[in-house]
Each structure stands twice: as C-alpha cells, then as structure tokens.
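One structure is given here, and the rest of the page talks about it.
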C-alpha cells in the first residue's frame, strides 16, 4: 500500500488533496503517515479519522488539547508546534504533499526530501527562498520533486521527453487578478476586500492578495528559474485573463507547446498524485468552442512592480529569494492590517532588498538551512522597519 503525508491539510491545497485521496479509495488505497494543520482542529480531526492517519499535528501548541480530545480513542497520535511538524516530516512516506503556506513550509519539505521519495511541492516559498539548496538535497538523496503550482506543473508536462537544450523560452501566465484593468490611481487606493476578490481562482486571503499585486507571479518566475534552471532572459510572464493556458514552452524549431487546463488546482494536484502515470481527476473539461477566444498581453510593471523586482532576484540568486519572500510576507501582513497601502508592499520589498544586499549572505549559494533562516530573519527585521516608516508617512 502506498504511503502519504499531507502538510497543510486544512488549507485549500490540502483540502483538494484530501478530496482526491478519498476519491481514490482513502484508507483502503493509502496508508496516511501524517496530517498537519493549523487552528482548524475540527477539520484536521475529521480528516485524520477519515484517512485513519497515524499522526495528526497542529502547528499551534495551544490547540493540542483540543486535537487530543477530538482524536481520543482513534489510535491516531497527536502533537503540536513547529518542531512537531518538522519531526512529522522525518517519518518516511512514499508521497508527501508540501502545502504549508509561507516560509514555514521550508523545514518539513527539506526533511521529507531526505527519505529519497516524492515531494509534491505546492509551497512555492521553498523554491524561492532555498531553491538551490532544495534541488541539491533532492539530487543527493535521489528524491523527486513534482511542482504543484498549475503553471509549473504545466511547464513540467510540456517538457516531458524534450531536450531542454532546445528550449528558447518559458512563458507562465497570470490572470491579472482583480486589478488587471484598473488604473494606477485606483489600485493605489484599493481595499483589502477588493484585493482578495480573485476573478478566476478560489484561494485563501493571502494568496489572493498576492495574485492581485502579482507578487504571486513574481514568486512563480523565481520558482521557474530555480526548479527548471533556465536563465532569467528565457523566462517571462504574460497576462491571460481566461486562465486556461497555464504555461507555454518555446523550442528552437519555432514550435510553442502550450498546456491548457481548467482553473482548478485539483488538476495539478491530481497529476502529481498519479505521476508517473495519469489517472481520473474530477475537474471540468475544457470546451474550446464555448471559450471562443484566448487572449494574452504584456503585464504593466508600473502597476505591478513585483515582476520587476523578481527579475532582479532571478539575476542575483543566492539568498536574495529568501530576502524577497520574507519582505513580501511582512509587507502583506501590514497591508492586511491596514497599516500600509497596496502599492506600499512593493516599496517595502524593494527597500528591504536594497538594505540587505550588502550582507555577505545575500548572494551566497546556501550550504545549510540555517543560512536561509538567517537571511529570512534579517530581511524580516529590515522589512518591519521599512513598513513602519511607510506607515508613518500615510
């Protein structure tokens, strides 16, 4: 029986993964080693019961008594806290879904790779913050990383069986978010509620706002660089409002391979779960005649400066991605709390990158996770200062 673990089980990716696992037979088809979640203890316990999980972990130690009570008599072990989540990743599983949002997903993802099995990576921050270290760890341990972002899953599939030396360019698409047709002045004054209202995808608050600012796409550009290894001048993003084409790969013979799929994360999750084969995934089928037209346009970097900042990070590499991600997370916290404006987020990130770029770690290829965490800590402090100054100016 195939074994699996789901990190971030109660988030949107985790829920979709759980749904697909249950459709494929649940505990009759899989041995669930570990499930982790946040404060939604009721849902985490429901999942653990349904999958007969060996271990359930909440990220919050204060929630542990509730989890223990909810799973009493089931035979499922329970634990709480960041260290417990990291230790859960030390339990070998054939297939691990890494869906914890933010830099918190880096440690369990790294530890899971050391078993030399398959990591389905939905936590883009892992590649952004420690891409070179992550890929090296996978190679050294004979592990496989499968991208779960719809765009990177699309690139992965388009490259199957191809000679990467013949790849001229990789194009990932962006919906443009809720502000794709808004003026700069209107974007500047937007509210949190407006920023989190995504037109195409059903996602959580933070990733929806990242999509609106195109910081999500900026992370994905960096992720493409780190996962596939292409040079920055061969990687680009285009706005594609229909969200049907997820990525395109251009080859040296002039051909352009496009991957089309529904705007449903279960498509990419299902591909990773069924890999190296394919299996039934319950998503809507595309009707091209009904869609009628697919449109593309260049993104406006004045309205969405995150893309420009991403190119700087792609060129610098080293631990610049860790600084970028840390600053982005702090800036997002301040925007959600109403302390800074929408466009201030990019300014905070840019000021943070400038401030920490003189540190020896900034351009260094990391040798250990501790270096990644050190840059993350340094950038978070710098971003807090930058955000505080922006707040004072409002």
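Positions of Cβ are set from backbone N, Cα and C atoms, glycine also.
What Swiss-Prot records for this protein:
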type    : residues                                    : note
BINDING : 10, 11, 12, 13, 38, 39, 40, 123, 125, 204   : NADPH binding site
BINDING : 124, 150, 151, 175, 198, 211, 216, 217, 220 : 1-deoxy-D-xylulose 5-phosphate binding site
BINDING : 149, 151, 220                               : Mn(2+) binding site
- Query: binding-site residues 12, 40, 149: which have a Cα within 10 Å of residue 124 (1-deoxy-D-xylulose 5-phosphate binding site)?
  - Reply: 149
- Message: Counting only residues 6+ away in sequence within the same chain, which have a CB under 8 Å from the CB of residue 220 (1-deoxy-D-xylulose 5-phosphate binding site)?
- Response: 124, 149, 151, 152, 172, 237
- For residue 38 (NADPH binding site), the number of other Cβ atoms found within 10 Å of its own Cβ: 19
- Item | Neighbourhood of residue 125 (NADPH binding site), C-beta criterion under 8 angstroms, separation at least six | 101, 102, 103, 105, 106, 219, 325
- Message: Please list, in sequence order, every residue of the chain apart from 149, 151, 220 whose Cβ lies within 8 Å of the Cβ centroid of the Mn(2+) site.
- Response: 124, 147, 150, 152, 153, 172, 217, 219, 223, 224, 246, 247
- Task: Measure from the Cβ of residue 151 (1-deoxy-D-xylulose 5-phosphate binding site) and count the other Cβ atoms within 10 Å, all protein chains considered.
- Result: 26
- Task: Let me know the largest Cα to Cα distance in Å among the NADPH-binding residues 10, 11, 12, 13, 38, 39, 40, 123, 125, 204, as an integer.
- Result: 22
